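Over in TrEMBL, the protein carries these features:
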type     : residues               : note
BINDING  : Lys111, Glu112, Asp141 : UDP-alpha-D-glucose binding site
BINDING  : Lys270, Asp294         : Mn(2+) binding site
TRANSMEM : 20-39                  : transmembrane segment
TRANSMEM : 51-73                  : transmembrane segment
TRANSMEM : 425-444                : transmembrane segment
TRANSMEM : 543-564                : transmembrane segment
Amino acid sequence: MENSLPLNDWHVRKTHLVINRLHAFLHGIALLALFYYRLTSLTQIIKNKDTSLLLPHVLIFISELILSFIWLLSQPSKWKPIVRTVYPERLPGDEKLPSIDVFVCTADPSKEPCLEVMNTVISALALDYPPDKLHVYLSDDGGSLVTFQAIKQAWKFSKFWVPFCRKYKVKTGCPEAFFSTDESGPDGKFSSSQFLIEKKAIQKNYEEFKDSLEEIVAKTSTAVSRDHPPAIEMISHANGDGTDTDNEEHMPLLVYVAREKRPSQPHHFKAGALNVLLRVSAMISNSPYVLVLDCDMYCNDPSSAAKQCVYISTLNYPRSWGLFSFHRNFTTSVGFRYFAVVEDYFTGFNLHCEGWNSVYLQPSRSAFLGASPISLNEVLVQNTRWYVGLNQVAMSRFSPLVYGLMRMPISQSMCYAEFAYSAHYFLALYVLAIIPQLFLVRGISLYPEVSSPFFVVFSFVFLSSQLKHVQEIFSTGHSMRTWSNEQRIWMMKSLTSYLYATLEAVMEKIGLMKASFLPTNKVVDDEQAKRYQMGIYDFQAPALFLVPLCSLYILNVASLIIGFGRIMQTQKWGENAYTSFIPLSRRFCISLYLKE
């Protein structure tokens, strides 16, 4: 770019750097002391030939090794925390900006409501970018007539919405989000009364748009097809609808794509849909930059497209890409990779292995906002799908600690490995949620007594891990309630999603089942949404998820009561206090986190 001023800069968060490195050093030393205790305890057990204690000590030691291994993998991402700032206002004039293709993917209107999908499409059309250099493509992987008709209605509404957003420099380009908040009028030449008048008119148009979508859904089947020919239509050029076309020359291009699907041919899930969009867009617009959005992830900042260009253009061009976006030249290293159902993770991993650079942008105003499941069942189903894909990579020749170590820096390989192996938490948690509790009931200690110097070591490891999490929560502007919720959800996922994802990946590996991809159900009934807004979470879930959670809850509560009862009866506080307090305060998190 010709401008002499930098388009972006970054600086190290020195306070966070010191905290992270000091914690890593102290926590690492404590873990080494913990391992020493376990090894000496095992040596003593073997010497005394106490076979009844050998297996539980071995299982707990293995569990602590697993937790420590995953902790170690997480350290490179915290070693040098930085903050990036972009200056899109320093970009050259519109005539010199590169063009951008925006991809939006949807698969099933029965699980991904049309209104939500169309809001994402409309927010992409409303990006603050030259309209002749902005092209939006919607992939309808289900070939649904509902989605096809809905996008035509979205185009009609966008011809009112996009000019309104540009005229008043509206920051929230998603109409549903805009009308749900109280975004005031712009400062400058437009009076607030003029803004409110036009806003009211646009809101009326939006209500009519929503009514039209409801009518489409009511009259048309939402069934998706897995056997249909390809369909491509340039919606912005289909003007036979009788609407005003004066604004269309100032509107971005909108294209509907439904790729061909046949039952006998593999379609490779979302990665396959994205690769079709790459080929179609190459024939129509062939923009050098591509921005990929989920159907429920709307553009929250109109300058987000320009910000993505800033970063990609200032990296090692052209072998570079940013969060959600990339330079089209990468699609020449096969496009999106098909090996795992987590196509974003696996594609990014391969690009890094091939020498590409990337950058993560986290502006003060979120560039994109999306929906997330608001019920326990959907959260666990979604996470199970994600970790099936991550396990597919971890259990293959593409394991980051094998394939990655030979092709990228060890720190980068460890970052990818943290995601790939995090599902293995469940192995450690099941042991630590069962073995100590059962032996506590029998009055047998598997941990050092209060009088032992290693009591301090175990206490420090527990407190260090928890306080570090609290520090990270506070540094991002959240409260202790967020810490509590994250701990609870992590425990629930570890004991259910991680378990079933690993089992499914193993069965696929040995040929007992095939990988599947079910879109997350984004349909939320009014009562469920109302309860969620009131802070009441929906914990309803199938027995497959609830049985292990409730069983461990009961076991932990029972062992706590029996353990304390035995201590009260024998009055042997110095001998058993650690058995009942520290391990159970750590293990009893299971029951604490599951309490609602």
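Each Cβ is built from the backbone N, Cα and C atoms, and glycine gets one as well.
The two recorded residues, Lys111 (UDP-alpha-D-glucose binding site) and Asp294 (Mn(2+) binding site), have Cα atoms 13 Å apart. Fewest other C-beta atoms within 10 angstroms, among the binding-site residues Glu112, Asp141, Asp294, are seen around Asp294. Asp141 (UDP-alpha-D-glucose binding site) sits 8 Å from Lys270 (Mn(2+) binding site), taking the Cα positions as reference. Most buried of the binding-site residues Lys111, Lys270, judged by other Cβ atoms within 10 Å, is Lys270. In this structure, the CA atom of Lys270 (Mn(2+) binding site) is 14 Å away from the CA atom of Glu112 (UDP-alpha-D-glucose binding site).
The two recorded residues, Asp294 (Mn(2+) binding site) and Glu112 (UDP-alpha-D-glucose binding site), have Cα atoms 11 Å apart. Within the set Lys111, Glu112, Asp141 that the record links to UDP-alpha-D-glucose, no two Cα atoms are more than 13 Å apart, and one pair reaches that distance.
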